[in-house]
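Quick one: this structure, given as structure tokens, is what I'll be asking you about.
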Amino acid sequence: MLRIADKTFDSHLFTGTGKFASSQLMVEAIRASGSQLVTLAMKRVDLRQHNDAILEPLIAAGVTLLPNTSGAKTAEEAIFAAHLAREALGTNWLKLEIHPDARWLLPDPIETLKAAETLVQQGFVVLPYCGADPVLCKRLEEVGCAAVMPLGAPIGSNQGLETRAMLEIIIQQATVPVVVDAGIGVPSHAAQALEMGADAVLVNTAIAVADDPVNMAKAFRLAVEAGLLAPQSGPGSRSYFAHATSPLTGFLEASV
């Protein structure tokens with residue numbers, strides 16, 4: 001069970017809604033993933049009506065929506081988008097994204113911290129997408145963010161946990177949930193993140209662009225379950241030397 005702010009989730013896999021070939025395929029994949037929290041870019045939906053091609057099936061699926069501010073380049077733009085989302089969707093939950101460079105989509109740490117502090121004061125439950133910077137993540141936690149979402153690698157790159165060393169520090173020092181976001185390309189990456197101690201992962205591109213998004217979503221669901229179960233089971237310690245799993249000489253001595 002994962003608790004963030006006032007909500008609890010059985011699934012530790014969060015999913016996105018971008019890049020799917022159709023809304024129907026998107027919903028089928030989300031259901032197959034078991035995800036209960038789904039991000040939604042405000043720039044991609046018509047907030048004036050709930051029969052939007054993306055929004056309507058998500059509402060029907062009964063998932064918790066996490067609107068994001070993707071496309072915002074400044075704190076001011078992100079705050080504006082946040083208020084639009086709250087008014088249209090009736091939720092205080094927000095994934096805060098501010099990335100001024102469209103080529104790399106790396107989060108702006110200064111603008112993110114600035115926006116996060118303001119939005120928390122305005123009553124939002126803020127989950128900021130940020131770089132894998134332990135100092136920044138601690139600052140975001142201190143201003144009241146409900147979780148932190150450090151990147152594993154650039155958005156959509158499928159590179160995996162390129163920031164592993166920094167993620168380990170973030171996880172070790174955090175007192176709020178850590179959700180590894182961006183760069184997760186295959187299910188094993190998700191399992192590794194959970195084995196490291198992350199509380200959840202957010203996956204979009206790896207599922208949406210797969211040849212079979214529904215089966216890939218299932219694979220991620222199973223990987224996340226494995227990643228959670230493994231550390232709970234007390235894995236053996238690593239050793240420099242080999243250790244036999246069965247006696248090496250007993251059968252020889254018995255035959256003499």
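Just so you know, glycine gets a Cβ as well, placed from its N, Cα and C.
The model shown is predicted, which means the values in this text are computed figures rather than measured ones.
Below are the features I grabbed from Swiss-Prot:
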ACT_SITE  LYS95  active site, schiff-base intermediate with DXP
BINDING   GLY156, ALA182, GLY183, ASN204, THR205  1-deoxy-D-xylulose 5-phosphate binding site
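Could you place these features in context, so I can see how deep they sit and what lies close by?
If you take the C-beta of LYS95 (active site, schiff-base intermediate with DXP) and look for same-chain residues 6 or more apart in sequence within under 8 angstroms, you find THR39, LEU66, PRO67, ASN68, THR69, LEU127, PRO128, TYR129, MET149.
Mapped onto three states, the DSSP output places GLY156 (1-deoxy-D-xylulose 5-phosphate binding site) in coil.
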Quick one: which residues besides GLY156, ALA182, GLY183, ASN204, THR205 have a Cβ within 8 Å of the 1-deoxy-D-xylulose 5-phosphate site's Cβ centroid, in sequence order?
GLY16, ALA153, PRO154, ILE155, SER157, ASN158, ASP181, ILE184, GLY185, VAL203, ALA206
Between any two of GLY156, ALA182, GLY183, ASN204, THR205, the residues recorded as binding 1-deoxy-D-xylulose 5-phosphate, what is the biggest Cα to Cα distance in Å?
9
Can you check which residues sit near THR205 (1-deoxy-D-xylulose 5-phosphate binding site), meaning Cβ under 8 Å from its Cβ, same chain, 6 or more apart in sequence, and list them in order?
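In sequence order, the residues whose Cβ lies under 8 Å from that of THR205 (1-deoxy-D-xylulose 5-phosphate binding site) (at least 6 apart) are GLY16, GLY18, LYS19, ILE155, GLY156, ASN158, GLY185.
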